[in-house]
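Taking it in order: structure first as structure tokens, then the write-up.
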Amino acid sequence: VVYCNARTTCPSRTTCCRSPFGVWYCCPFLMGQCCRDGRHCCRHGYRCDSTSTLCLR
């Protein structure tokens, strides 16, 4: 289990991400990169594009 804060958890081998509105969500990748839109994320070693919909290396 990954602890995002005192009340929110994500499954093991995932990453906690926080949306711009303060809502936590789980990225399905270990050490994932959270995108600014608060909905998407990328694998470790990749980054989100400006639209937060594509992952770039």
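Any Cβ shown, glycine's included, is placed from N, Cα and C.
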With the disulphide bonds as Swiss-Prot has them, who is the partner of Cys16, out of Cys4, Cys26, Cys27?
Cys4
If you have Swiss-Prot open, could you say which of Cys17, Cys26 makes the disulfide with Cys10?
Cys26
